[in-house]
């Protein structure tokens with residue numbers, strides 16, 4: 001088995017030829033990868049922001065966190081359209097900040113996506129058990145089935161994986177639109193009762209501290225959109241497809257988040273909305289329509305499956321990249337000779353996902369994922385400033401240049417700081433434990449593992465020497 | 001700068017490296033769960049013999065609760081399970097020091113490694 005290379009290769013490999021990932025994806029696949037990972041956030045998870053701060057707090061953070069992710073999408077589009085390599089932000093960190101940062105960023109990605117995959121599988125299992133209502137039926141079999149089947153799908157090939165994602169993501173998104181128009185959103189009081197459910201007394205039950213706390217789960221509305229960059233080596237035209245697919249995905253999600261909040265807050269008391277694992281499904285139940293209930297049941301299952309599918313895809317590529325650069329043993333950098341997928345990375349992460357699906361609850365798995373995502377966004381805000389300083393506009397060819405620099409970076413960093421505080425309110429020990437983990441593995445990498453890494457070979461972009469070096 | 005040639009890592013050490021990462025993952029993510037440190041600072045503010053009125057629910061809210069299959073007794077633990085946002089400044093400072101310290105180490109150590117990469121890649125070239 002050989003290391004991967006970046007080429008546009010045929011699907012069969014001659015003896016002795018280097019095996020590479022295939023460039024077969026277009027903008028629709030990029031959209032499907034990004035929205036597919038994230039859309040489950042509308043079906044579950046965002047509503048824990050209601051639990052932490054009330055319905056109005058969830059709406060406020062939906063907008064503010066939407067700003068954070070718009071910044072993420074803008075920044076990511078510029079850097080990724082310029083650094084088009086598997087691993088996404090990992091490859092960015094390697095070329096712009098340095099190897100240790102890259103090692104950490106890859107781990108953020110692997111944890112954020114693996115724990116998101118775990119959350120998705122738990123959601124599928126819990127929903128099926130709830131709807132079945134059978135005594136003694138447990139979620140574990142459905143959780144295992146979801147994870148294993150999707151890992152197999154990813155093993156078999158990226159094009160089939162993302163074609164499946166495109167279809168099921170579209171169905172799950174259309175389900176939200178059908179629910180939205182079925183409850184006559186233009187006519188409050190007919191089906192929707194926003195004014196009765198959100199009163200001056202319960203709009204912000206914990207006051208403004210609750211709004212701050214709600215930032216924690218507000219991230220779940222959009223977490224994972226940056227995963228579009230993981231497909232950089234498998235996209236036919238990265239400079240065009242990645243910005244286009246990512247920005248289209250972000251617009252899709254902003255519209256979906258607004259519709260989701262409006263319908264759910266108008267159909268469910270805030271205490272229940274903050275408690276349930278299936279807010280859109282329960283909103284459909286509250287309408288009394290059997291059709292909507294069935295539709296949103298399948299919407300929830302498909303959104304979770306699409307998300308887990310994309311997460312396996314992204315986590316495996318980040319892990320694969322670590323092996324390819326010798327940050328981890330090169331064994332992980334193998335590409336399947338027939339399916340052209342990073343199959344060893346896919347298989348290695350499978351038992352880890354299964355183990356956490358058994359030992360963690362939904363909100364704990366979500367928090368693990370959010371914490372890794374948050375550390376990654378902090379990196380991105382600093383990364384773009386270093387990128388512009390080391391290679392100013394005009395010094396290298398950029399596929400896309402985002403406007404208003406450095407405002408998006410400053411907005412992103414500011415919202416990250418607020419979200420750290422929000423996580424601290426209720427989940428501080430997990431944040432500290434996770435950061436200590438990253439400190440320990442960083443020390444291990446810097447003082448031990450890095451001696452196995454080639455130096456100059458890590459820098460693969462055809463750029464001039466960075467300013468200041 | 002002369003080209004750095006990394007040593008070959010024996011297979012057994014590669015396995016040990018993978019084991020280290022896996023153990024570290026489980027310690028970091030599983031230990032807080034096992035020690036009961038993970039999770040939320042919530043508590044149920046108990047009300048004896050709850051009614052919809054005492055739970056603060058208006059007729060519209062009651063209608064939705066009942067559609068979802070709840071009565072005041074079964075809804076009590078959901079409605080009264082509330083956050084109590086209190087924190088001490090010491091814990092907050094510990095968190096700030098850990099997170100900021102981590103990023104400072106990360107960027108400094110990365111920069112040191114990055115300079116070696118750039119030196120080897122570009123040498124004296126512009």
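Backbone N, Cα and C define each Cβ position, glycine as well.
Bear in mind that TrEMBL entries carry predicted annotations, made automatically and left uncurated.
Quick look at what TrEMBL lists:
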type     : residues  : note
TRANSMEM : A:21-41   : transmembrane segment
DOMAIN   : A:39-440  : domain 'Amino acid permease/ SLC12A'
TRANSMEM : A:53-75   : transmembrane segment
TRANSMEM : A:96-116  : transmembrane segment
TRANSMEM : A:136-155 : transmembrane segment
TRANSMEM : A:162-183 : transmembrane segment
TRANSMEM : A:203-223 : transmembrane segment
TRANSMEM : A:244-270 : transmembrane segment
TRANSMEM : A:295-320 : transmembrane segment
TRANSMEM : A:341-360 : transmembrane segment
TRANSMEM : A:366-386 : transmembrane segment
TRANSMEM : A:407-425 : transmembrane segment
TRANSMEM : A:431-448 : transmembrane segment
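Same-chain neighbours of the transmembrane segment (A:366-386): 45, 48, 68, 71-72, 75-76, 78-79, 89, 92-93, 96-97, 101, 104-105, 107-109, 111-113, 115-116, 118-119, 216-217, 219-220, 223-224, 226, 356, 360, 405-406, 408-410, 412-413, 416, 419-420, 423, 427, 430-431, 434-435, 438, counting only residues six or more beyond its ends whose CB sits under 8 Å from a CB of the stretch. Distant neighbours of the transmembrane segment (A:203-223): 38, 41-42, 45-58, 60-62, 64-66, 68-69, 112, 116, 250, 253, 257, 270, 366-367, 369-370, 373-374, 415, 418-419, 421-423, 425-427; these residues of the same chain sit at least 6 beyond its ends, with a Cβ under 8 Å from one of its Cβ atoms. Here the transmembrane segment (A:136-155) has Cβ contacts under 8 Å with residues 117, 120-122, 124-126, 128-129, 161, 164, 304-305, 308-309, 312-313, 316, 336, 339, 341, 343, 346-347, 350, 353-354, 357-358 of the same chain, all six or more residues outside its ends. Within its own chain, the transmembrane segment (A:96-116) is flanked in space by residues 37, 40, 79, 83, 87-90, 223-224, 227, 230, 307-308, 310-312, 314-315, 318-319, 321-322, 325, 327, 349, 352-353, 356, 360, 365-366, 368-370, 372-373, 375-376, 379, 382-383, 386-387, 390, 438, 441-442, 445-446, 450, 453, 458, which lie at least six positions past its ends and keep a Cβ under 8 Å from the stretch.
Sequence-distant contacts of the transmembrane segment (A:53-75) (same chain, six or more residues past either end, CB-CB distance under 8 Å): 46-47, 197-198, 202-206, 210-215, 218-219, 221-222, 225-226, 246-247, 249-250, 253-254, 257-258, 261, 265, 270, 273, 377, 380-381, 383-384, 402-403, 408-409, 411-412, 415-416, 419. Between the transmembrane segment (A:295-320) and the transmembrane segment (A:244-270), the number of CB pairs under 8 angstroms, six or more residues apart, is fewer than three, so the stretches are not in contact. Residues 100, 103-104, 107, 327, 368, 371-372, 375, 420, 423-424 of the same chain sit 6 or more residues outside the transmembrane segment (A:431-448) yet have a Cβ under 8 Å from a Cβ within it.
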